[in-house]
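Visitor: Swiss-Prot lists Cys107, His149, His153 with the feature Fe cation binding site, giving sequence analysis as the kind of evidence. Look at Swiss-Prot and you will find Glu150 tagged as active site, backed by sequence analysis.
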Amino acid sequence: MANQLQVPKQKLAKPPLAIHTLGDRVLRQGSKQISGINDEVRKLAQQMLQTMYSADGIGLAAPQVGVNKRMIVVDIDPENAARPPLVLINPLIKQFSSDLAVDQEGCLSVPSIYADVRRPERVVATYRDLNGRPVTLEATGLLARCIQHEIDHLDGVLFVDRVENQIALAPQLVEKGFAVRDVQVRA
């Protein structure tokens, strides 16, 4: 089977998976390694991509859809049909740059909340593709940020945990109906 899934980059009226939000315990669990890549894993990747596109996202981790597995999907250019999305199975960041950048992040699991997060500008990640082959990827800019954000989900970390200005974040969370106590500060 080819590494690339054929998933139209479009919104579905009824996405295949529900996205869990801040406060749901599934988002705080560490995820389990995927031991073998089979049709079930490929189907999950396809459904995650469909769900991500339907929610206007650029990344989604399996725990966000209630699946305790180490898999993320990323597409930082969802408007470009020629650029295929990435499916990273058992991803691991092997190297972080010392150069840090602050940029605004949002999350499908914390809808309508945006805040500045400081992250390394460049990372080197390893993962398995949909054929089980090992891949090493050097990423910069938005792609590096997105990969770090999604891998955080695999370890039970949400972007709101990394926000340095928690005082400014708290009123936003309350306004959108989230409990401030659900944030686990790691900034």
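Residue numbering: from 1, along the chain as shown.
Including glycine, each Cβ sits where the backbone N, Cα and C put it.
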Visitor: Other than Cys107, His149, His153, which residues of the chain come within 8 Å of the Fe cation site, judged by Cβ distance to the Cβ centroid of those residues?
Guide: Gly59, Ala61, Gln64, Glu105, Leu108, Ser109, Glu150, Asp152, Leu158, Phe159
Visitor: Same-chain residues six or more away whose CB lies under 8 A from the CB of Glu150 (active site)?
Guide: Gly59, Leu60, Ala61, Ile72, Val73, Val74, Leu88, Pro91
Visitor: Tell me the Cβ contacts of Cys107 (Fe cation binding site) under 8 Å, same chain only and six or more apart in sequence, or just say none.
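Guide: Ile113, His149, Leu158, Phe159, Val160 - these are the non-local Cβ neighbours of Cys107 (Fe cation binding site), listed in sequence order.
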Visitor: Using DSSP, would you call Cys107 (Fe cation binding site) helix, strand or coil?
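Guide: Its secondary structure by DSSP: coil.
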